[in-house]
Amino acid sequence: MHKHLERLTPLRFVAALFVVLFHFGRGVPPFNFPVINGVVLNGNNAVSFFYCLSGFIMATVYAGSDVSARSYWIARFARIYPVYLVCLLATYYLLGGTLTDLALTSALIQTWIPGSALAINTPGWSLSVEVFFYVLFPFLSTHVLSVSRKTLVDYTAALWICTQVITFVARTYFYGGYPSISHDLIFYFPLMHLNEFMIGIVTAVLFMDRARRGSSQMFASGIIALLAGIGLTTLVGGIAERFPLWVAPSNGLMAPEFAGIIWLVASLPNGIGRALESRALILLGESSYALYLMQEPLHIFFDRHLVPIMPDASATAKLFAFIALLVACSIAIYVIFEKPMRSLIKGLFRDRTAIAS
């Protein structure tokens, strides 16, 4: 595995935890304290970070490789679908739902159907978007990455700016509140998040170009990238507010900042970088996918069966107990189910390919 990717793995756990706190920690001490509260209220933007990180990893691992589109899609299916399906069925068992919603979510196409984006296991909407990126990536890696770096950056910047303008205008003038079709189209429709994935890809391309040249200033470049990302996000948000438009950051407004964070962490000096490569942190990062998808069904179970036996516990104690249980279960799922299923699926398709040939 690329060393700089290992250093990024623990960030997945941090991002997933921010999403969990956004869903269940708002208003609960100490997450309702000033400053911390502001961070938690924006925890949903960690999904944008996931998309940027996904683009960065996909481009680093697969761009320019001789891996076929079929092998790539099999690897992605083996990576995401088993845990996704288990968490979906667990939530369906606990909450119920229509057969239509079950069919849409099982096929990972719920975000293409307004009104169904958050069906059954709510966090699953982001996987529906991610699958869209996976379908596109072989085309992107073959055609888009063959253009000049300047053209790639220019087109991605244009996509980012257009997405923000559409988001701000739609949120200001055409938003019907939650739940509504407009809410689903603005915040969950896959095309509204393509800019985040592309920014991750561009970041990886520029990072690898600079690394291949043997630059000794990778970390300094990361600091500059982060500061530039913060400045760009602030500038665009400030301009929008002067119109005035409703600044909604959920569709990649903070993606330039996230790109800077990814570059910065990937280029950390060896001493600090090795600390992020510890087995414990890597395990937390690897199990964060299960943590993210398990949060809703496990919280339902926790509320129904565990909260009643701890009547004197404070809201803070209940939250930390839930998070501890969620982390423990996600690690168990990763070790006992996710990794073995991934290997099994890849092995089955390898065997079929060998027989066919």
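Even glycines carry a Cβ here, placed using N, Cα and C.
Among the features that TrEMBL reports, domain 'Acyltransferase 3' is placed at 11-334. Residues or ranges marked as transmembrane segment by TrEMBL: 46-65, 77-95, 115-140, 152-174, 186-207, 219-240, 315-337.
Taking residue pairs at least 6 apart in sequence, the transmembrane segment (186-207) and the transmembrane segment (152-174) share three or more C-beta contacts under 8 angstroms.
Here the domain 'Acyltransferase 3' (11-334) has a mean pLDDT of 94 out of 100.
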